[in-house]
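Trainee: Have a look at this one.
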Amino acid sequence: MESSFGLLLALLTLTIIHIVQAQDPQGFISLDCGLPANETSPYTETQTGLLFSSDATFIQSGKTGRVQANQESKFLKPYRTLRYFPEGVRNCYNLSVFKERKYLIAASFLYGNYDGHNIAPVFDLYLGPNLWAKIDLQDVNGTGEEILHIPTSNSLQICLVQTGETTPLISSLELRPMRTGSYTTVSGSLKTYRRLYFKKSGSRLRYSKDVYDRSWFPRFMDEWTQISTALGVINTNIYQPPEDALKNAATPTDASAPLTFKWNSEKLDVQYYFYAHYAEIQDLQANDTREFNILLNGQNLSVTGPEVPDKLSIKTFQSSSPISCNGWACNFQLIRTKRSTLPPLLNALEVYTVIQFPRSETDESDVVAMKNISASYGLSRINWQGDPCFPQQLRWDALDCTNRNISQPPRITSLNLSSSRLNGTIAAAIQSITQLETLDLSYNNLTGEVPEFLGKMKSLSVINLSGNNLNGSIPQALRKKRLKLYLEGNPRLIKPPKKEFPVAIVTLVVFVTVIVVLFLVFRKKMSTIVKGLRLPPRTSMVDVTFSNKKSKRFTYSEVVQVTKNFQRVLGKGGFGMVYHGTVKGSEQVAVKVLSQSSTQGSKEFKAEVDLLLRVHHTNLVSLVGYCCEGDYLALVYEFLPNGDLKQHLSGKGGNSIINWSIRLRIALEAALGLEYLHIGCTPPMVHRDVKTANILLDENFKAKLADFGLSRSFQGEGESQESTTIAGTLGYLDPECYHSGRLGEKSDVYSFGIVLLEMITNQPVINQTSGDSHITQWVGFQMNRGDILEIMDPNLRKDYNINSAWRALELAMSCAYPSSSKRPSMSQVIHELKECIACENTGISKNRSLEYQEMNVSLDTTAVPMAR
């Protein structure tokens, strides 16, 4: 282990040296991606004076390339080479940064037909576990992405993800630390949309003109007049725009007209932040006044009063909160006030769009532990790059993770390094994965003793150390711990002695076992004989009896009278028709009448009546009475005037589309009803047919579970039992229950997860137009893209809290997890739904959209890479 520590220390020292080499005195990180090993690194880029270094020590994979020779002269040196990634789906740069410090991060991409195929690559760019942008290199001059972002850990991972047949590539990667307190947001990061200064002719301004190496592009329009000064302009506010940009300004040629910028958004409700920099650079006469207001689509943004420029000194208007154009067209204007004698002026303008990164990075201590484990064993796996847990489809192999709350860091719960050719002792770094539940190190060449720390890991429930060369004794702490411990195939390991039982006790146990087996066999045979003597269940139903004799029992003629001869149909189900009725003159009821052709019979009828007679909960439909007369069976229960949830989600029958807040409340109320069945009943019950059509709504849209014909009891919390028949509705049915026949409360949890996905997306559970794909498949695909707007029901018109939506979506997917052991209980579901509602009620991030692609608008300027 000392040698491993020495190697790790040497690697750490080497990394620090390379980080220092990649930084200049301003703390900049400038990487020339794909710089050949035979070229000098670091080198000074002649036009900017910036120090660029090779990217080789910041990434584990990729190959180097160079743009075609006939294109090299058009581009600066850092953009002539590139790194491309023919292997692996995700390839990531790992950069050391300061946690909670704001950085300007710029990534540049230039294809340059380096491979001679003349096929422009298309791929995704990720920041940690979140999608940053979609890269399409159709432009021969390349493209760039720039963002202002605050890392949540001391490690920043920038990843290129293959999405099709083409190969991802990158030309340069640059990080610039920004001044504390600048470019603040309510939430999210800022993606650069435009950064302009106003001059009729000019070149791109960046370092050393701009101390933060921001790129400023000249812009001017025919209806403007340029004013300039040769004097110095003080630019030392928190944003510190370049002085060269402030020595010129634009004013409208028509002094009474506004100074106007127009563009069209590619998406509705994009959120913007504006930073307008202005300084008075004209000599004003004694009676001259210049003041103006800043407006967006007619909304006055100068809420503290008109903007008044200072003589040769910068002022900056900044958005205090995100602003939307509320449509496709955006109209940003500076309008003079009535008392102003001069038109408005503007020296420079920055426009950013908000981009949300909702997914938290994997817990930092878990990530460090995995890196240390990898270093200890010399593991080199192509997919062990980027965030270990998310996106889910890119999760590191050998790992399982859990993440009940999207805003909290995911945790690693399972590590499987079986048959990985591991040598040495069991790595001490494993103990740093504090929520690890399963550890499999079997069939390697591990030596040494079983470490004491394994017995102190509270979450560990399964340890497999089979097939190694471990020695020594098993630690006392591990022997006392109640877990599954596999140690076979370790011949040098001293196993604890087996406890010997007295012969008399063994004999007694064997005798009792034989007696029990004989009794069970006898009882099964008797049950078979009795069952053979029973009459078919549908020959007559007059024998149906119920445990509760106090309920109202209707005659068939009373049912006819209550329903006015079955005049008004409310719906139809597997049981039969449901009719509207009235009892006691004014009390409205719903009457479910068993159809003679129904696939359900007296057994389901009796089950529903028995359950409704003994359960009483505000979120379960109440039974008024029943009819059992000859072959006529009917249930009479309370009438819920707003019908079922499915109708309202679809908008069928003129039903209104319910908003997001009400949907969350309905979900919570349905969950409360299920929780009562699971833990409030004796014995506990499972519903077995949870779906949107079985969630009914009263006049106040209060939710109540209905249709208990398939409900069954089970032994208790966390347990399951075999079900002789598989029942439920296709798409909502727990696949694990379907395959195993095991019935438990987690079967209802799965169905509830599907219901919640329906409420979130308004997508069909089974999409028959897409090869019968399931809703979980569609949602999983969209989640991996990171765009919540593509997932949410468009009928909601984006009127929801982004964080609340993400939390609900994560909860739904955890409920619908294939393995029932990984699903939450209904009590946990209720807790999470309450958190979602609380998050929604805060109003934070309301109407916040996600913007990934740079807009192609009339203010067009070329992003880096930049031609000479």
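Cβ atoms are placed via backbone N, Cα and C, with glycine included.
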Trainee: Looking at Swiss-Prot, which of N405, N767 is flagged as N-linked glycosylation site?
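Mentor: Going through N405, N767 one by one, Swiss-Prot annotates N405 as N-linked glycosylation site.
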Trainee: What residue among N38, N856 has an entry for N-linked glycosylation site in Swiss-Prot?
Mentor: N38
Trainee: Among N445, N847, can you tell me which residue Swiss-Prot lists with the annotation N-linked glycosylation site?
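Mentor: Among N445, N847, the residue Swiss-Prot annotates as N-linked glycosylation site is N445.
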Trainee: If I look at Swiss-Prot, which residue among N464, N659 would I find recorded as N-linked glycosylation site?
Mentor: N464
Trainee: Cα within 10 Å of N416 (N-linked glycosylation site) is the criterion; apply it to the glycosylation sites N141, N300, N405, N464 and give the hits in sequence order.
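Mentor: Of everything listed, what lies within 10 Å of N416 (N-linked glycosylation site) (Cα to Cα) is N464.
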Trainee: How many of the residues that make up the repeat 'LRR 3' (461-481) does DSSP mark as helix, as strand and as coil?
Mentor: 5 helix, 6 strand, 10 coil
Trainee: Under a criterion of Cβ-Cβ distance under 8 Å and sequence separation of at least 6, what residues of the same chain contact N300 (N-linked glycosylation site)?
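Mentor: Non-local contacts for N300 (N-linked glycosylation site): N293, I294.
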Trainee: Other than its own, how many Cβ atoms are within 10 Å of the Cβ belonging to N471 (N-linked glycosylation site)?
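Mentor: Here the count is 14.
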Trainee: Which of these glycosylation sites has the least crowded Cβ, counting other Cβ atoms within 10 Å: N94, N287, N416, N423, N464?
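Mentor: Least crowded of the glycosylation sites N94, N287, N416, N423, N464, by Cβ count within 10 Å, is N287.
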Trainee: So among N405, N445, N464, all listed as glycosylation sites, which is physically nearest to N471 (N-linked glycosylation site)? Use the C-alpha atoms.
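Mentor: Of the glycosylation sites N405, N445, N464, N445 has its Cα closest to that of N471 (N-linked glycosylation site).
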Trainee: Summarise the model's confidence over the topological domain 'Cytoplasmic' (522-868) as a mean pLDDT value.
Mentor: 76
Trainee: Measuring CA to CA, name the entry from the glycosylation sites N94, N141, N405, N423, N464 that ends up nearest N287 (N-linked glycosylation site).
Mentor: N141
